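**Student:** One structure coming up, written as structure tokens, with questions to follow.
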Amino acid sequence: MATENGAVELGIQNPSTDKAPKGPTGERPLAAGKDPGPPDPKKAPDPPTLKKDAKAPASEKGDGTLAQPSTSSQGPKGEGDRGGGPAEGSAGPPAALPQQTATPETSVKKPKAEQGASGSQDPGKPRVGKKAAEGQAAARRGSPAFLHSPSCPAIISSSEKLLAKKPPSEASELTFEGVPMTHSPTDPRPAKAEEGKNILAESQKEVGEKTPGQAGQAKMQGDTSRGIEFQAVPSEKSEVGQALCLTAREEDCFQILDDCPPPPAPFPHRMVELRTGNVSSEFSMNSKEALGGGKFGAVCTCMEKATGLKLAAKVIKKQTPKDKEMVLLEIEVMNQLNHRNLIQLYAAIETPHEIVLFMEYIEGGELFERIVDEDYHLTEVDTMVFVRQICDGILFMHKMRVLHLDLKPENILCVNTTGHLVKIIDFGLARRYNPNEKLKVNFGTPEFLSPEVVNYDQISDKTDMWSMGVITYMLLSGLSPFLGDDDTETLNNVLSGNWYFDEETFEAVSDEAKDFVSNLIVKDQRARMNAAQCLAHPWLNNLAEKAKRCNRRLKSQILLKKYLMKRRWKKNFIAVSAANRFKKISSSGALMALGV
């Protein structure tokens, strides 16, 4: 936790809040020379979740603009190819559709796939009116909703594979409602449209099964015998921070190392407000199962009585008005962070003497604690997977104008004890960041502080990247590059900026990994890589190829075990010293009360 005894906190200068950037929009041009023409009345409208729109509007503020939408590993492969095939949105083969043939020669030379994509125009059939054409265009817009929290990529439907090249911000602003079509007198609809009723019903049923009703998803309703017109309407509720799901590259990353996809989060992202209430009436607290603790409070497990949901409860004592102010800032920050690699906030309750934050329970424990296990075979590819996820989470934070400012191994947790999904936790020291305003802080854990924090200089998003470099160095070697015998020596080592790659421990580490670290642990913050540059670095790419030839066990496991043992000893020493001081104070007070 950021609030552990190893942290240093001297002063805080709060920045002003800033609006989150807007996401880009993407376009998908139509094939040259192809006129889609009116839809065939026998052909069912394409489900909105399987289509893309070439003119989707830009996202509202607060939408996530970072990563490409996901391609899910769930479901059969054929569904991912339905976007451009000749049988798009139809249950029957394209050969059964009426074709327009000018001459026998052109009819023979035309491929079947081209005939199916040409719109199947027939001179003998009446053309569909403008309103119906607009309805079909609206139906091609992508589904704006994700089925769950960004923390749960495993349950993303396979029907969302076609969104892989479309930024998530484009899919967050509109929903689609199926309403009965009203035909104008000048638009005679063929009576044979009713024959496509069964096909349309099956198409709707298939989409309904794969994308259950959620706010912002495509809604199917109306009498199918009269046809359906899809209209784009504003989303019922816009979330701050668009959900992110696994991209194809990241999904491939998990398939390399894990037997199963990452598990889902227990609840969707939500906007939390601090409210007064009785904790014991809603939650069963388990103080015996402690997860952590520090200066500001303790963390334990709990269970929501109404749902049986297991959560982590962070209990903060209200000793001064500033304590509540800090908690409100933490809630505000976490409301922005809708990402699979960032812990999710569930509820916040205030009592007369304390504030309790209920958060997602992460059962895997600290990342470092897991990889030092003797049964765990840590390779450089494992390290790449962990580092890339951390950089993904940092990138989302920075796009939402949030700085963590206390990134360290204790704040990187594994979702479970078998997979490779990790999450960043503890936003108690996080700050809103405006690049146009100066922000200075002088708190954090000395071992992972950047030189600008130690010097109380202006900080930026590159401040978190220094800490990312130190964590990566430790994952690869098991050594802490600036750790001294005490905090003063550690801070002096940070200010000097002198560090090196130990020849023995980095013997099995690739040059790409060393280059990655060398571009993060840089004294001049302007020369450091940002999170986006980290994700584009060669070391964090082409993992499938590297996994085939990189299975050598890193030496960092043994050294990390020694590091963790030393850290535990230091924590126990501080705890015992504090208890002894308290005992002496209590004894002195008792003697004074007796007049001794």
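Here the Cβ of each residue, glycine as well, is placed from N, Cα and C on the backbone.
Not my notes, these are from Swiss-Prot:
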- Asp406: active site, proton acceptor (ACT_SITE)
- Leu291, Gly292, Gly293, Gly294, Lys295, Phe296, Gly297, Ala298, Val299, Lys314: ATP binding site (BINDING)
- 40-63: compositional bias 'Basic and acidic residues' (COMPBIAS)
- 88-104: compositional bias 'Low complexity' (COMPBIAS)
- 189-209: compositional bias 'Basic and acidic residues' (COMPBIAS)
- 285-540: domain 'Protein kinase' (DOMAIN)
- Ala2: N-acetylalanine (MOD_RES)
- Ser143: phosphoserine (MOD_RES)
- Ser149: phosphoserine (MOD_RES)
- Ser151: phosphoserine (MOD_RES)
- Thr445: phosphothreonine (MOD_RES)
- 1-224: region 'Disordered' (REGION)
- 574-586: region 'Calmodulin-binding' (REGION)
**Student:** Measure from the CA atom of the residue listed as 'phosphothreonine' to the CA atom of Val299 (ATP binding site) and give the result in Å, rounded to a whole number.
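**Tutor:** A Cα-Cα distance of 19 Å.
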**Student:** Count the Cβ atoms, other than its own, that fall within 10 Å of the Cβ of Leu291 (ATP binding site), considering every protein chain shown.
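**Tutor:** By my count, 19.
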**Student:** Quick one: mean pLDDT on the domain 'Protein kinase' (285-540)?
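**Tutor:** Here the predicted model's pLDDT, averaged over the domain 'Protein kinase' (285-540), is 92.
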**Student:** In whole Å, how far is Thr445 (phosphothreonine) from Leu291 (ATP binding site) when you measure between their Cα atoms?
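**Tutor:** The separation of the Cα atoms works out to 19 Å.
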**Student:** What's the most sparsely packed of the recorded positions Gly293, Asp406, counting other C-beta atoms within 10 A?
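**Tutor:** Selected from the recorded positions Gly293, Asp406 on minimum Cβ neighbours within 10 Å: Gly293.
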**Student:** Please report the distance from the Cα of the residue listed as 'active site, proton acceptor' to the Cα of Thr445 (phosphothreonine), rounded to the nearest angstrom.
**Tutor:** 7
**Student:** Measure from the Cβ of Gly297 (ATP binding site) and count the other Cβ atoms within 10 Å, all protein chains considered.
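**Tutor:** There are 23 of them.
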**Student:** Within 10 Å of the Cβ of Val299 (ATP binding site), how many other Cβ atoms can be counted across all chains shown?
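**Tutor:** Excluding its own Cβ, Val299 (ATP binding site) sees 21 Cβ atoms within 10 Å.
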**Student:** What's the CA-CA gap between Gly297 (ATP binding site) and the residue listed as 'phosphothreonine' in angstrom, rounded?
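**Tutor:** On Cα coordinates alone, these residues lie 17 Å apart.
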**Student:** For Thr445 (phosphothreonine), what is the tally of other C-beta atoms lying within 10 angstroms of its C-beta?
**Tutor:** 22
**Student:** From the Cα of Gly293 (ATP binding site) across to the Cα of Thr445 (phosphothreonine), what is the distance in angstrom?
**Tutor:** 15
